[in-house]
Amino acid sequence: MRASVVLTCYCWLLVRVSSIHPECRFHLEIQEEETKCAELLSSQMENHRACSGVWDNITCWRPADIGETVTVPCPKVFSNFYSRPGNISKNCTSDGWSETFPDFIDACGYNDPEDESKITFYILVKAIYTLGYSVSLMSLTTGSIIICLFRKLHCTRNYIHLNLFLSFMLRAISVLVKDSVLYSSSGTLRCHDQPGSWVGCKLSLVFFQYCIMANFYWLLVEGLYLHTLLVAILPPSRCFLAYLLIGWGIPSVCIGAWIATRLSLEDTGCWDTNDHSIPWWVIRMPILISIVVNFALFISIVRILLQKLTSPDVGGNDQSQYKRLAKSTLLLIPLFGVHYMVFAAFPIGISSTYQILFELCVGSFQGLVVAVLYCFLNSEVQCELKRRWRGLCLTQPGSRDYRLHSWSMSRNGSESALQIHRGSRTQSFLQSETSVI
C-alpha cells in the first residue's frame, strides 16, 4: 500500500512533460542508478571482504567487513518527494548483509502525515488547471473561428489577437497532452520497449517549452501593440512583421540555444532536470525578460493614459475613446504578466504553493479571460454576430411579410437616412483600433 502511495506521489510530482509512462520512467531511472552502481563497484577493490558490494534494486552498497555498518542517504531516485532527509543502513554479518534499517519508508519520511495532504493538494491543482485549460481551449477556438469567419474583423489588431489565441491554444494542448501521457492508467505497461526512447520524451519537452515561451512573448506583443498605439505616429500595422518575429521568432532562437546547451552540458534523461545552471537560465531568462518588459509597458501605458485623460485638451469623443481604451488596458495588461512579477524575483522553492496556484490554476483560465475580453465582449464582434443572426432570421420561412413591412416602413425615411450617412465621417484610426470592449 505504501509503495503505491510513493509511486503515485512520484508521478504527480513529475510536472515536466514526458512521453514515457511515469511507471516506466520510474523503472528507467532505477536502471540508470543500477548502471552507475555497477560502474562504481567495478572500480573499487573489494580485497576479499566478507560482504561484497551489491545493488539491492534501490540503493548501492559498497563492500564491507564483518561487523561494519554501512550508512547511505535515502535513494536519489526518490528525492522528488522526500518529506525529510534521512539515512538507511545495513550491517555486514557472517551470514552476509542484514536487512535494511531503519524501515525504508519511515527513514525517508514517506509516512509523514504531510504527504497525504500534499498528494491531495496536487490532485486538486491538477483537476482545477485541467478544467481551466479545457475551457480556455474551447473558448479560444470559438473566438478564433469567429474572427476568421467575418471579413470585417480582419485587421492588424485582430491578427495579433489570433496569434495570441493560437499561443494559448498550443499551451493548453501541450499541457493536456502531457497529462494524458503522464497520468494515463489504462493499458498494460510494456516498459521493456521503452528504455532508450528518450528522443520522443525530449521532443515533447521541447514542444512544451516552446509553447510556454511563445505564449509569454505574444503577451509581450499585445503590450507592445497597445503602447505603440498610444505613442507612435505611423499606423502600428506596419510593425506586424516585427510582431511575428518577436512572438514566434525569439522563442525559436531561445529554444534552439537551450537544445544546444542541453546536448553539450546536460544531455541526461528527458531534459527535465536542472543540475546544470546554464541550460536552466537559457530557458528561464528570456521569459523573465518578457515579464519585466511587459510590466514596464504596463506602467508606461497607465502613465500615458492618465496624462491623456487628465489633459484639458482632450474632450468629448476623444475622451470617451481614451476612457474605453483605459478600461480595456487596465483589464488586459495585468493579465499579461503583472502577477508573474510577484514570483519572478523569487528563487525556486520559495512560496512554491502560492506559485503553483498562480501559474497553474489562475494561469490555466487566462486563455478564457483573454478570449472573453478580446472577442466575446468586443463591440465589433457583437455587431457582426447580431448582423449575421438577423440575416439568418430573415431567411427563415414566414419572414417575407416582415421584410416587406420593414421595407415599407423604412422607405419614408430613406432620404433623410441617406443624408445622415453622407454627412457622417469615417471613424478615426485610433477609435477603430482601440474598440476592444
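Glycine is treated like the rest: Cβ placed from N, Cα and C.
Here the Cβ of Cys37 (disulfide bond) has 18 other Cβ atoms within 10 Å, regardless of which shown protein chain they belong to. Residues or ranges marked as disulfide bond in Swiss-Prot (evidence: similarity to another entry): Cys37-Cys60 (among others).
Taken from Swiss-Prot, the feature disulfide bond covers Cys51-Cys92 (among others), and the record attributes it to similarity to another entry. Within 10 Å of the Cβ of Cys92 (disulfide bond) there are 21 other Cβ atoms, across all protein chains.
Taking all protein chains in view, 20 other C-beta atoms sit within 10 angstroms of the C-beta of Cys74 (disulfide bond). DSSP assigns Cys74 (disulfide bond) to coil in the three-state reduction, placing it in neither a helix nor a strand. Marked as disulfide bond by Swiss-Prot on the basis of similarity to another entry: Cys74-Cys108 (among others).
DSSP gives Cys201 (disulfide bond) a helix state. Over all protein chains present, the Cβ of Cys201 (disulfide bond) has 22 other Cβ atoms lying within 10 Å. Residues or ranges marked as disulfide bond by Swiss-Prot on the basis of similarity to another entry: Cys201-Cys270 (among others).
Marked as N-linked glycosylation site by Swiss-Prot: Asn57 (among others). When secondary structure is read from DSSP and collapsed to three states, Asn57 (N-linked glycosylation site) falls in the coil class.
If you look up Swiss-Prot, you'll see Asn87 (among others) marked as N-linked glycosylation site, on the strength of sequence analysis. When Cβ atoms from all protein chains are considered, those within 10 Å of Asn87 (N-linked glycosylation site) total 11, not counting its own.
Asn91 (N-linked glycosylation site) is surrounded by 17 other CB atoms, counting those within 10 A of its CB over all protein chains shown. As annotated by Swiss-Prot, N-linked glycosylation site applies to Asn91 (among others), with the evidence given as sequence analysis.
According to Swiss-Prot, the feature signal peptide maps to 1-22.
Annotation comment: Swiss-Prot describes 23-123 (among others) as topological domain 'Extracellular', evidence class a curator's inference.
The topological domain 'Cytoplasmic' annotation in Swiss-Prot covers 150-157 (among others).
Residues or ranges marked as topological domain 'Extracellular' in Swiss-Prot: 180-202 (among others).
The topological domain 'Cytoplasmic' annotation in Swiss-Prot covers 228-238 (among others).
Annotation source Swiss-Prot lists topological domain 'Extracellular' at 261-279 (among others).
As annotated by Swiss-Prot, topological domain 'Cytoplasmic' applies to 304-324 (among others), with the evidence given as a curator's inference.
For 346-353 (among others), the entry in Swiss-Prot reads topological domain 'Extracellular', with the evidence type a curator's inference.
Among the features that Swiss-Prot reports, topological domain 'Cytoplasmic' is placed at 378-437 (among others).
Below 8 angstroms of C-beta separation, residues 12, 158, 161-162, 165-166, 168-169, 171-173, 175-176, 179, 183, 356-357, 360-361, 363-368, 370-372, 374-376, 381, 384-385 of the same chain, each at least six residues beyond the ends of the transmembrane segment (124-149), sit close to that stretch. Through the fold, the transmembrane segment (239-260) approaches residues 156, 159-160, 163, 167, 206, 209-210, 213-214, 217-218, 220-221, 224-225, 228, 279, 282-283, 286 of its own chain, all at least 6 residues removed from its boundaries and within a Cβ separation under 8 Å.
Cys37 (disulfide bond) falls within a helix when secondary structure is assigned with DSSP. The recorded positions listed here (Cys37, Cys51, Asn57, Cys60, Cys201, Cys270) include no residue with a Cα within 10 A of the Cα of Asn87 (N-linked glycosylation site). When Cβ atoms from all protein chains are considered, those within 10 Å of Asn57 (N-linked glycosylation site) total 9, not counting its own.
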